[in-house]
Amino acid sequence: MWNYSKNLQHKVKIKNKDIRMAKFLVTQYGGPDGELSAAIRYLNQRYTMPTGSTKGLLTDIGTEELAHVEIISAMVYQLTKDATPDELKAAGLGGHYAQHDHALFPTDANGVPWTAAYIGTLGNPVTDLHEDLAAEQKAKATYEHLIDLTDDHDVKDVLKFLWAREVVHYQRFGEALESVYDLNKSKRIF
Amino acid sequence: MAKSLKDLSREELMDNIHQLKFAAVDLNLYLDTHPDCKPALTDYNNITSDLKAVIAMYEKKYGPLTNFGGAESKHPWSWVDEPWPWESGE
């Protein structure tokens, strides 16, 4: 069962309204390498992990990714709050306004809606952990691109935090993979 | 001389919660792949006990941070109080 704490994992206090940045940032909400993909991927893979340790890790990282979904959503919310339809149009979010007003909606940076096609769950833990390692690298690269796209310190601060978490998750998945290799070796009967 | 919990402002309490919770999450992930690491476990348990104390102080003064039986509420039901985290940024 999920617990919700009524606070963000990292503060989001954006003072300036760079609405165009919201359009780019949303890729880490509903895009292929975003936090929602990560959460759904890990929380689905956890069922067929072979050990308590790997079930625990996939559950815990999946849960942390939900907290990151919330952070990205908070950033988009603050960046577009009080934006007029004209301002949204000028920032390339006219289509979003037409369909959603100021509501949040998970898409990539081009408005393509999130799809479960972004995730893989193959049931083989070696396979699934390889997907997870790749996912963390792709998320890290995407944060690097997003950091390049803004000069706003309030935004960059949060992006650097999320970038650093990807690096740590990659490390943990690597350790989980090693543990699965060891487990498979120990099961071999010659 | 460190201030005692009851003298901290709301912002200071929330800052403490952010820092301690972050440490707890990070150590939790580490322990998931290093379950035999005693130093990490000792740290985790100390942080957990500190975090619980800070959260208890915050909730006593400012209302629940968790629902579904995580914390008690004064009257009227204050779980629904504003601002919500995406508005306050905390």
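Backbone N, Cα and C define each Cβ position, glycine as well.
Unlike curated records, TrEMBL annotations are generated automatically.
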TrEMBL Mn(2+) site partner of A:E35, A:E65, A:H68, A:E136, selected from A:H102, A:H169: A:H169
Residues from A:D60, A:E65, A:H68, A:E136 facing chain B - binding-site residues, CB under 8 A: A:D60
Name them in sequence order: residues not among A:E35, A:E65, A:H68, A:E136, A:H169 whose Cβ is within 8 Å of the mean position of the Cβ atoms defining the Mn(2+) site. A:A38, A:A39, A:I61, A:E64, A:A135, A:A139, A:L162, A:R165, A:E166
According to DSSP, does A:E65 (Mn(2+) binding site) fall in a helix, a strand, or coil? helix
